[in-house]
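Read through the structure below, which is laid out as structure tokens, and then see the notes.
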Amino acid sequence: MALAPVPKLVLGSVAFAIFWVLAVFPAVPFLPIGRTAGSLLGAMLMVIFRVISPDQAYEAIDLPILGLLFGTMVVSVYLERADMFKYIGKLLSWKSRGAKDLLCRICVISAVSSALFTNDTACVVLTEFILKIAKQHNLPPHPLLLALATSSNIGSAATPIGNPQNLVIAVQGRISFGQFLIGILPAMLVGVVVNALILMAMYWKVLSIQKDEEDPVADYAAAEEVNSHQFSPATMSHFNSLNSQEWNARIDSFNIPNSPQVQTLRNRSAAIDGEIDRVLSNTLDSTRNSNASKEETNGMPPLTKEEINGSPSKDDGIVDKPVEAHVLLTLEEKDYTSVRWKYILWKSCVYIITLGMLIAMLLGLNMSWTAISAALALVVLDFKDARPSLEKVSYSLLIFFCGMFITVDGFNRTGIPGALWDVMEPYSRVNQASGVAILALVILILSNVASNVPTVLLLGGPVAASAAAISQADEKKAWLILAWASTVAGNLSLLGSAANLIVCEQARRAPNIAYTLTFWSHLKFGLPSTLIITAIGLTLIR
């Protein structure tokens, strides 16, 4: 591809460099505006420098990807309200048989939940809970946290909705949900198993340490802490749930870096506490009013607040007020049961709609409109003002993607990515083993230097075009190789993916059970694990 004129080439490179610095280092001292504002700044500079026109900038925004992102985020919000992540977390501690069993469970559960609900969500929900389980069983948190972070990244590679770069690949490569799943699922399953084996091989002695002494009181306290754990960011709709101020204080204490992916999960942490309480309160009030009107009709005065509580009023006579209160409370218990069953029915409908969305995607229906349809079905099913739920959607992530689409498209128009690919293309053909190895190595390096989503946007088009010249099957294989390598690349270092940073910061800020996962301790495991799992997965992708 021919290079653009020198002014356009230089100015486009400057705009992309500014975007890259703010995307990789969102809190740089000279311009601490964050990733979202950085992507908008890069996009605006591309237009101001006339690298692309305003009309070309609008055309660069991929609406199907934004629609799919929006729909899956809304569905996740309602799944959190329906306690889905609480049940996933409880699977970790249910009849656990020791440290190695727990590590294997973490690998499997985090991988599956990441494939269905994104890797960032799985890490935010499970990190603190895993620390509490480690404390309960007197286990070192280090291998367990590594299992969570790395298995979440590997598992998210299996589906288009597992992470943002897969969304881009599925939409731009026109790969259906079923084709994507079938193409990468074998590599994902083997990758999770190999990841667990490497973890157990490296930390076998640590995981084999038994408790020195039994402390029944401490064991009971730790078990109670695990059982009563409030999952974050999902709002647990229980009567004893924390209020919104307590939730906000707890979430703020995590101090997770302000990335768009993390912001998605921060926004969801706003509580809908007292959801059942409000319904129950309204029902009980109506019951009291109904009972009062009936008593007045029968010539009896309504029960006062003191009488309901069983305490005498000023006009207390020989009437047995506590008995009357007991009758009223019996009626209220029946109303409580009715409200509880309605809530269970609502949760079941949420799960059914989500399952229907996944089945529709597997059948090849348009993923963007399927996700949006499922989101709207959940909004209608809720039968209340949707604003509180829609406010939890990370619109900053959607804006980040808009700016990134424009910035990367402008950089592509400078001709630099095309010229570099022209040099690499003869050595990176996907129909040759050596070509696949070189392509995967380039993707691994770029994903850790420039982040995985920009890497996919930069390499996707040229790699697919080169493979399409060979055959249509090779084109799909090239997209899947890009998805696998760019996702597993996140395990290489602590800075390789937002999921790693979430686990690190959540663990470091966890009250009373804090643990610091260092860069070098992660790299010690991440480097060999990433290289081995990437290589094995490449042989299984079809």
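Placement of Cβ uses the backbone N, Cα and C atoms for every residue, glycine included.
Just so you know, TrEMBL annotations are computer predictions that nobody has curated.
Database features (TrEMBL):
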TRANSMEM  6-25  transmembrane segment
DOMAIN    27-489  domain 'Citrate transporter-like'
TRANSMEM  37-53  transmembrane segment
TRANSMEM  65-81  transmembrane segment
TRANSMEM  180-204  transmembrane segment
REGION    286-316  region 'Disordered'
COMPBIAS  304-316  compositional bias 'Basic and acidic residues'
TRANSMEM  350-381  transmembrane segment
TRANSMEM  393-412  transmembrane segment
TRANSMEM  433-450  transmembrane segment
TRANSMEM  480-503  transmembrane segment
TRANSMEM  523-541  transmembrane segment
Chain residues in Cβ proximity to the transmembrane segment (6-25) (below 8 Å; excluding those fewer than six residues from its ends, i.e. six or more beyond): 31, 33-35, 37-39, 41-43, 45-46, 49-51, 403-404, 407-408, 410-411, 413-416, 449-451, 454
Stretch with greatest number of CB pairs under 8 Å, the transmembrane segment (523-541) reference, 37-53, 65-81, 180-204 candidates: 180-204
Residues from the same chain, set at least six apart from the ends of the transmembrane segment (37-53), whose C-beta lies under 8 A from its own: 4, 8, 11-12, 14-16, 18-19, 21-23, 26, 31, 60, 399-407, 409-411, 413-414
The transmembrane segment (350-381) vs the transmembrane segment (65-81): 3 or more CB pairs under 8 Å: yes
Average model confidence [pLDDT] within the domain 'Citrate transporter-like' (27-489): 78
Seg_contact(the transmembrane segment (480-503), the transmembrane segment (65-81)) with at least 3 CB pairs under 8 angstroms, min sep 6: no
Sequence-remote partners of the transmembrane segment (393-412) [C-beta within less than 8 Å, at least six residues beyond its ends]: 12-13, 15-16, 19, 23, 35-36, 38-43, 46-47, 51-52, 56-57, 60-62, 65-66, 69-70, 73-74, 77, 164, 260-261, 263-268, 418, 453-454, 457-458, 461
